[in-house]
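Comments concern the structure below.
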Amino acid sequence: MGQRLICCLDAPSALQPPPLLPVRRKLLLLGIMLFLWLYMFYSCAGSCASVPGLAGRPAGEAAATAGAHGEGLQVLSKLLRRAPAGGAQGLAGPAAASPSEEQSAAPDPTSPISSFFNGSGTKKLPQAIIIGVKKGGTRALLEFLRVHPDIRAVGAEPHFFDRNYERDFAWYRDLMPRTLDGQITMEKTPSYFVTKEAPARISAMSKGTKLIVVVRDPVTRAISDYTQTLSKRPDIPTFESLTFKNRTTGLIDTSWSAIQIGIYAKHLENWLLYFPIGQILFVSGERLISDPAGELGRVQDFLGLKRIITDKHFYFNKTKGFPCLKKAEGSSKPHCLGKTKGRTHPNIDREVVQRLREFYRPFNMKFYQMTGHDFGWD
């Protein structure tokens, strides 16, 4: 009798619960991890209201977001109660939450957290525009500026204020990238600077628009302009023949666009009818090559941004002859402008070059006076 009692005491009792199976322990751990993750997810919904571009929601939506904390906890409690009791089915099987429960657990598609993951921000008309000049270095400047986290820019040239103005501002705004609060929307179209109607049209959009002009030695700029055209149309006349109305008299043909664009003072007069000189920044195309970080520092100051783009972002490419980015926007790889940039210029008759320098000199002097900056082209 005593031996039988000892034997019974040593045997597992039928009243004791069986040991927790490894699968159930894993499911319990999974449930706890899921609880913590989703709790952090719903907690973020309230704090994300302070993220730039996610603020300014209606009061009703804000209240709904605040209520999501308790709602999320209720759903998570149901999930955790099922996990140990129902094994694998407790999370994914027939005992899963009903459609109504799943719907209550899902974030509101209009909530800030959903907006954040789906691509937040709004499209705005540009607050700053690179208006010129062609072959001055506008593409390089735009690519450099896009490295800044507070600048969002259109890659292609919209040509809204010169070629597409018959379309409305809604069409123009739709071309812009989405931006968050505090970010600047930009675009660049170099032909604006020489378009007579552009100043009035941009002023009509916003008198506070900041304007950036990249200028370059007008003689070098004209040769670069010609080189670009020559690459597309090899049969065009020589640079020398296009420069003069009459080479014997030395009369310059100012109707040729390659020459006309370089008369910066004349074009600037038109812009000053609508914008104060302090609202226009003049970037040196030469310094953009020799000291890109210095010129970018001036641009960032002009736009009211922190100087984030510095020397560490650039390296000099000897093959192309100009600076390139160590890391482009959204990439970890070095980036140089395409093959169309940095073309070798044809040899131009020295007498023609000297005659052009004499032609541009008085216009350059006037431009220096108007801008308060000597670009050193003479």
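For all residues, glycine too, the Cβ spot is worked out from N, Cα and C.
Annotation comment: TrEMBL describes 87-119 as region 'Disordered'.
Under the heading domain 'Sulfotransferase', TrEMBL lists 126-361.
Long-range neighbours of LYS135 (active site, for sulfotransferase activity) (same chain, six or more residues apart, CB within less than 8 Å of its CB): PRO190, ARG216, ARG221, SER224, ASP225, GLN228. For LYS135, the entry in TrEMBL reads active site, for sulfotransferase activity.
Here TrEMBL flags LYS135, GLY136, GLY137, THR138, ARG139, ARG216, SER224, LYS341, GLY342, ARG343, THR344, HIS345 as 3'-phosphoadenylyl sulfate binding site. When other Cβ atoms within 10 Å of the Cβ of THR344 (3'-phosphoadenylyl sulfate binding site) are tallied across all protein chains shown, the result is 7.
TrEMBL lists CYS324-CYS336 with the feature disulfide bond.
Long-range C-beta contacts of GLY137 (3'-phosphoadenylyl sulfate binding site), restricted to its own chain and to partners at least six residues apart, with a cutoff below 8 Å, comprise VAL214, ARG216, VAL283, GLY285, LEU288, ILE289. If you measure from the Cα atom of THR344 (3'-phosphoadenylyl sulfate binding site) to that of CYS336 (disulfide bond), you get 16 Å. ARG139 (3'-phosphoadenylyl sulfate binding site) sits 11 Å from CYS336 (disulfide bond), taking the C-alpha atoms as the reference points. Taking Cβ-Cβ distances under 8 Å and a sequence separation of 6 or more, the neighbours of CYS324 (disulfide bond) in its chain are PHE314, TYR315, PHE316, ASN317, PRO334, HIS335, CYS336, LEU337. Using a 10 Å radius centred on the Cβ of ARG139 (3'-phosphoadenylyl sulfate binding site) and all shown protein chains, the other Cβ atoms total 19.
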